[in-house]
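S.K.: What follows is a single structure, and I will ask about it in a moment.
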Ligand code: DGL
């Protein structure tokens, strides 16, 4: 029997888009959600400092929660920290989240794909390598958004968002070239699926929005199934941990709505 939770980590509320998919396919599991809200937003962090911060945080998180598996539900972190985390904590399986460039390149009909992400993710060598390895025949536009993650945080806490601001952030994703148009936008930040309806509403034309959350949850499950364990899972509340140690009431309410006890 395993009593060890699955730990889902992000800089803020974005990882909840992965948690909700994980819960659908592993309803019997217990989850610990960790938001590094003291470090939010990750988009502007210098790579080596961000890496060092996250590796350091996990010393405490692993000691306290003893997770059976960790999902880094954040592109900005995953594109830079996975190797360091695996080296520092070899006994813990880590699943990362990286821009869904390969599936987008396979699915596009027009050959024009955009990747919407934080400024950190679009700068990463990891992201450039994905394009080189899987999308050489496709025109990929990388769009670094300064504000969308924060807009998603506001939307989730307050229930409203400035649609004109969303329109402005997504506008560069829409490209017209030789009579062809962008037909796929990769949501390469886990915060963005929460704004998907607003994006659809403010987009200049319809596109496919790729949200990798379900694929990440499936990957986590496939690894968990290879680990030795029993079949019964204990009852116990899922919890949300904030590195600030100080979530406000709106955040606590939001977590409660996701079935998480905020700490
Ligand atoms: N949710 C994070 C991601 O997937 C980043 C949000 C941020 O910290 O700016 O990239």
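Positions of Cβ are set from backbone N, Cα and C atoms, glycine also.
Annotations per TrEMBL:
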BINDING   10, 11, 42, 43, 75, 76, 190, 191  substrate binding site
ACT_SITE  74  active site, proton donor/acceptor
ACT_SITE  189  active site, proton donor/acceptor
S.K.: Take the C-alpha atoms of residue 43 (substrate binding site) and residue 74 (active site, proton donor/acceptor) and report the distance between them in angstrom, rounded.
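M.R.: Taking the Cα atoms only, residue 43 (substrate binding site) lies 10 Å from residue 74 (active site, proton donor/acceptor).
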S.K.: Output, ordered by sequence, the same-chain residues six or more apart from residue 190 (substrate binding site) with a CB under 8 Å from its CB, or 'none'.
M.R.: 10, 14, 15, 17, 18, 73, 74, 75, 97, 213
S.K.: Please work out the number of neighbouring Cβ atoms within 10 Å of the Cβ of residue 189 (active site, proton donor/acceptor), leaving out its own Cβ.
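M.R.: Other Cβ atoms within 10 Å of residue 189 (active site, proton donor/acceptor): 31.
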S.K.: Given that the record lists 10, 11, 42, 43, 75, 76, 190, 191 as binding substrate, what is the largest C-alpha to C-alpha distance among them, in Å?
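M.R.: Overall maximum Cα spacing for these binding residues reaches 12 Å.
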S.K.: In which DSSP state, out of helix, strand and coil, do we find residue 75 (substrate binding site)?
M.R.: helix
S.K.: Which of the binding-site residues 11, 42, 76 has its Cα closest in space to the Cα of residue 189 (active site, proton donor/acceptor)?
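M.R.: Out of the listed candidates, the nearest Cα belongs to 76.
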